[in-house]
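Have a look at the structure that comes next, please.
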Amino acid sequence: MAKTYDYLFKLLLIGDSGVGKTCVLFRFSEDAFNSTFISTIGIDFKIRTIELDGKRIKLQIWDTAGQERFRTITTAYYRGAMGIMLVYDITNEKSFDNIRNWIRNIEEHASADVEKMILGNKRDVNDKRQVSKERGEKLALDYGIKFMETSAKANINVENAFFTLARDIKAKMDKKLEGNSPQGSNQGVKITPDQQKRSSFFRCVLL
C-alpha cells in the first residue's frame, strides 16, 4: 500500500574515491557498515524517509563515483540536487585539499541556492589523522557552509549530518513558500500517492 510523503529531497554525496561516501550512505540508509565496498561505478542511490517538524520527507541520496573518468557522468546529477555533502577522509590530506575543486564543480554545475555541508569522514581512525578538525572547520567557514566530522564505521554524526542538511533545505523551502516567491529549480517536490517513485536500489554500471 502506497504511503504519502510530504516532500522529496534529492541529495548528493561527492568527494574523492575512497573517502567513504558509500559507507556513509549505507550507515544512514541501512544502519550497516561494510569495509569491503568496491569503488562506486557511475551512480548509485538509496532512499530513506525521515520525519521533520511533523512532515514526512523522502530523501533520495545519490552516491557518485570519485574517479576522474566518471566526472562528466556525475556532474550531470548536480543539477536538481537540493543538498550536497562534500566528503573527505581525515587520514588523507589530498582528499581534503581537493574539496576546493569539488566546490568549484558545484559552482559550475549545481543550482546557486543548493545547500552544502562538508564532512570529514573516518573520525574513528584518529591515530592516522592528517587533517585537523580545526582545518576542516576553517575551510567550511571560508565558504560559509556547515561542517561535521563523521565515522560511518563507528556511527558518529552520520544521522546528525543528514538530518541537519534536510532541516536546512526544509527551512529554506518554507521561507520561499512564505514569501510566495516564484518557483525555482530547487523548490521542494510535494508527493501524492500516485507519484510515488520506486525506492529500489539502482546501480548504473559503465562497461
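Heads up, residue numbers simply count up from 1 along the chain you see.
Using the three backbone atoms N, Cα and C, a Cβ is placed for every residue, glycine included.
Note that the coordinates shown come from a computational prediction; the quantities given were computed from them, not determined experimentally.
Below, the features straight out of Swiss-Prot:
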BINDING   17-23, Ser35, 39-40, Gly66, 121-122, Asp124, 152-153  GTP binding site
BINDING   Thr22, Thr40, Asp63  Mg(2+) binding site
LIPID     Cys204  S-geranylgeranyl cysteine
MOD_RES   Thr72  phosphothreonine
MOD_RES   Ser181  phosphoserine
MOD_RES   Ser185  phosphoserine
MOD_RES   Cys204  cysteine methyl ester
MOTIF     31-45  motif 'Switch 1'
MOTIF     63-80  motif 'Switch 2'
Determine, from DSSP, whether Ser17 (GTP binding site) sits in helix, strand or coil.
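Once the DSSP labels are grouped into three classes, Ser17 (GTP binding site) ends up as coil.
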In DSSP terms, helix, strand or coil for Asp63 (Mg(2+) binding site)?
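Looking at the DSSP assignment, Asp63 (Mg(2+) binding site) belongs to a strand.
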Give the distance between the Cα atoms of Val19 (GTP binding site) and Asp63 (Mg(2+) binding site), rounded to the nearest whole Å.
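Distance between the two Cα atoms comes out at 12 Å.
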Taking just the CA atoms, what is the gap between Ser17 (GTP binding site) and Asp63 (Mg(2+) binding site) in Å?
11
Express the predicted model's confidence over the motif 'Switch 2' (63-80) as a mean pLDDT, rounded to an integer.
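Averaged over the motif 'Switch 2' (63-80), the predicted model reaches a pLDDT of 69.
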With H, G and I counted as helix, E and B as strand and the rest as coil, say where DSSP puts Thr22 (Mg(2+) binding site).
helix
If I restrict to non-local contacts, at least six residues apart, and a C-beta distance under 8 angstroms, what lies near Ala152 (GTP binding site) in its own chain?
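Result: Gly20, Cys23, Val24, Phe26, Arg27, Phe33, Asn121, Lys122, Val158.
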I'd like the number of other C-beta atoms within 10 A of the C-beta of Lys122 (GTP binding site), please.
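Step by step: centre on the Cβ of Lys122 (GTP binding site), count other Cβ atoms within 10 Å, giving 27.
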Tell me which of the binding-site residues Val19, Cys23 sits in the most Cβ-dense spot, judged by other Cβ atoms within 10 Å.
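Result of the Cβ crowding comparison: Val19.
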Rank the binding-site residues Lys21, Thr22, Asp63 by how many other Cβ atoms lie within 10 Å of each Cβ and give me the one with the fewest.
Thr22
For Ser17 (GTP binding site), just count the other CB atoms lying within 10 A of its CB, please.
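Neighbour count, Cβ to Cβ under the 10 Å cut-off: 14.
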